[in-house]
Amino acid sequence: MDEKAAEPQQAVASSELNDKDAGVDVPINASGHKQELERNFHLINICGLAVTSGNTWIALGGSIVVAIYNGGPPGVIYELIAASVFYWLIAASIAELASAIPSSGGVYHWASVTAGRYGRVCGFFAGWWNFLAWILGLVGTAQIVGAQTVSMYALFHPDFTIQRWQVFVAYIICVWGCGFIVLFMNRALPSIEALGGFLVIAGVLITILVCAIMPHVNGQPYASNSFVWREWTNDTGYSSNGFAFCLGMLNGAFAVGTPDVISHLAEEVPRPSKNIPKGILAQFVIGFLTAFFYVIAIFYSLNDLDAVLSSSYLFPLTEIYRQATGSAGGSLGLLILAFLPSLIATIGCYLTASRVFWTLARDNATPFSGFFGRISQSHRNPFNSILLCGAISTILGCIYVGSSTAFSAFVGSFVVLSTLSYLAAILPHFLSGRKNVTPGWFWMRGPIGFVVNGIACLYIIVFVVIFCFPFSKPVDAKTMNYASLITGGLSIFVTVFWFWRQRDYVGPHAVSLESALLAEDAI
C-alpha cells in the first residue's frame, strides 16, 4: 500500500470519474475525492479572499513599531521590498503547483506528489505544519481585531487603562462571530470576500490620501525625505546592520507571506487550474503596491516617532493616525477602514484553516477523521472542522490573558511554520527535476522554473534560521524569539502523531488534470 500511495500523480481513468453513491453519480475532482463542495467562488471572489486574507498593508501597519527598530522607516520600506521579491518566487512556485494539482489540500497534497516515494511522510508533515500555521494566522488576525476594538475605545477615554482581559473579550466575540458566519452563511461567503477586497483597496486609497493631505491642512510639518528614505537606525542591539536588515525582513514576510491562502478553495472554484494562479497574481500585485505606498504615506505624516514608540495603545496605528489627522475622530475613521477588512480577513483565515484540517481528516491523518472529514449536507461545508478551529482559537486566546509574551510566541511562529510547509512541497519538486507533476495552465518552463524554485527554497532554508534569532539584544524573556521552541515542539507532536497514524494514513490521491476537467464539466 505504501508504494502505491507514494506514486506521483496517480491517474484515474475517465471511465472512473463517476462513483455510485446511493444511486447518485458523484464526480471525482483533482484531489481524487468525490466533489462534495459547491463551486460558488468565482475569480472576483477568490481575488477578494486573497487580497483580504493577505491583508498586507494592515498587517504591515499593525507590526510597524517592531519593524521600526530594524532600521527605522528606511528599514521598513526596503525590508518590505526584499521580502516581497523572495515571496514572489515562492508564490510563483505555489501557483504552478496549484495549477497542476488544484486540490483543497494545497501544500499537503503537492508535497505528497512531488516527493515521490517519500510522499506520504512529506505530505503528512507539510499538511500539519500548514494547518498549524493557519490556525495561528486565524488567532493572530482575531487578536488584531480585538486590539483595534479596544484601542478605538481608548482614543476617546484618555484615563482608560487597557487590560488584556478586555482584548480577550473582543477577541472571543470576533472568533465566534466570524465563526458563525462561516458555519451558517456558506452561500454568502463569496460576496463577503469580494466586499472585503473592495474594502481593502478603498480603505488604503482613502488612508493614503488622508495621510498625505491632512498634515498640510492642519499646518503640521511633514517628515523629511531623509527620515523616510535614508536615516538608518539599528536599535536591535546587533552590531551588524546587514543582519538587522535580514532579521527585519520577518515583518515584511509576516505581511506578504500567505501565497497559499486561496489554493485551499480549489474545490470551491470553477476552473481552479486557471483561476487560482490568477488570484495569487492579483494578491501579490495588489498587496505589494498598496503596502508600499501606504507605508510611505504614513511615514511622511509622522511628526513624533518617539510618541508612537511609547504609545499605550495596543494597536500602533492608533497614534500614527492621530498624528496624521490631528484628532481622535480622524484616527477613529482611519482605524475603521482597517477594522472592517480585518474582520473579513478573520473569516478568510477560518475558511483556509478549516479546509486544511478537513482535507487532512478525509485522508485519515487526524484524530476522529470520520467526524472531521465529513461535509455537512445541510450547510454544504466542513462544519465540524470549522467548529474545531473555533475551539482551538478560543483555547489559544486564553493564553493571551495569562501572558501576552507566550501568546505572541505562538502567533510569531506563523511565518516559520507556513514557510516550512511550502518548503516540503517545493524542495522535492526541485530535487526531482520537476518531473513528478504534470504541468497545468500556469507552468514555468525550461530553466526559469528551476531558478525560481531553487532560489525560493534557498531563501526559506536560510531565513527560517534567521527568523528564529532573538528580536534584539540583550536577550531577556520579552525579547527572546520563541519561534524555534514552538515550531520544534509542534513538530515533535506531529512526529509522534505520524508514528501513531501511519498505518491508517492513506495520503491524498490525484487524478490527471484532464480527467479532473472532465469531472468538473459534469457537475
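Start at 1 and count along the chain as shown; that gives each residue its number.
Including glycine, each Cβ sits where the backbone N, Cα and C put it.
Annotated transmembrane segment per TrEMBL: 43-69 (among others), in sequence order.
For the transmembrane segment (75-100), the residues of the chain that approach it from at least six positions outside its boundaries are 60, 64, 67-68, 106-107, 110, 114, 228-229, 232-233, 244-245, 248-249, 251-253, 255-257, 259-260, 263, 266, 272-274, 276-277, 280-281, 283-284, 288, 291-292, 295-296, 299, 419, 422, 425-426, 429, 437-444, 449, 452-453, 455-456, 459-460, 463, 513, judged by C-beta separation under 8 angstroms. Taken from TrEMBL, the feature transmembrane segment applies to 75-100 (among others).
What TrEMBL records for 121-145 (among others) is transmembrane segment. Outside the transmembrane segment (121-145) by six or more residues, the chain places 55, 58-59, 62, 105-115, 167, 170-171, 174-175, 178, 258, 260, 315, 339, 342-343, 345-346, 349-350, 352-353, 356-357, 359-360, 365, 389, 392-393, 396-397, 400, 407, 410-411, 413-414, 417-418, 420-421, 424-425, 428, 490-491, 494, 497-498, 502, 505, 507-508 with a CB less than 8 A from a CB of the stretch.
Outside the transmembrane segment (165-185) by six or more residues, the chain places 138, 142-143, 145-147, 149-150, 192, 314, 343, 346-347, 350-351, 354, 379, 381, 383, 386-387, 389-390, 393-394, 397-398, 400-401 with a CB less than 8 A from a CB of the stretch. Summarising the annotation, TrEMBL assigns transmembrane segment to 165-185 (among others).
For the transmembrane segment (197-217), the list of distant contacts is 44, 47-52, 55, 57-58, 286, 290, 293-294, 297-298, 300-301, 303, 321, 324-326, 330, 333-334, 337-338, 340-341, 344: same-chain residues at least six beyond its ends, Cβ to Cβ under 8 Å. Among the features that TrEMBL reports, transmembrane segment is placed at 197-217 (among others).
Summarising the annotation, TrEMBL assigns transmembrane segment to 279-302 (among others). Beyond its flanks by at least six residues, the transmembrane segment (279-302) meets 43, 46-47, 49-51, 54, 56-57, 60-61, 64, 73, 76-77, 80-81, 84, 87-88, 91, 94-95, 98, 200-201, 204, 207-208, 211-212, 214-215, 222-223, 227-228, 255-256, 258-259, 261-263, 308, 317, 320, 323-324 of its own chain at Cβ-Cβ distances under 8 Å.
The transmembrane segment annotation in TrEMBL covers 332-353 (among others). The list of residues near the transmembrane segment (332-353) in space but at least 6 beyond its ends in sequence, with Cβ under 8 angstroms from a Cβ of it, reads 49, 52-53, 55, 58, 61, 131, 134-135, 137-138, 141-142, 144-145, 148-149, 151-152, 155-156, 174-175, 178-179, 181-182, 189, 192-193, 195-196, 199-200, 202-204, 206-207, 210, 261, 264-265, 315, 317-318, 321, 324-325, 386, 389-390.
Residues or ranges marked as transmembrane segment by TrEMBL: 383-403 (among others). Sequence-remote contacts of a segment are chain residues at least 6 beyond its ends whose Cβ falls under 8 Å from one of its Cβ atoms, and for the transmembrane segment (383-403) they are 135-136, 138-139, 142-143, 164-165, 167-168, 171-172, 175-176, 179, 182-183, 350, 353-355, 357-358, 361, 371-372, 374-376, 410.
What TrEMBL lists as transmembrane segment is 409-427 (among others).
Residues 86, 89-90, 92-93, 96, 243, 246-247, 249-250, 253, 415-416, 419-420, 422-423, 426-427, 429-430, 434, 479-481, 483-484, 487 of the same chain, all 6+ positions outside the transmembrane segment (448-470), place their C-beta atoms under 8 angstroms from a C-beta of that stretch. Here TrEMBL flags 448-470 (among others) as transmembrane segment.
TrEMBL lists 482-500 (among others) with the feature transmembrane segment.
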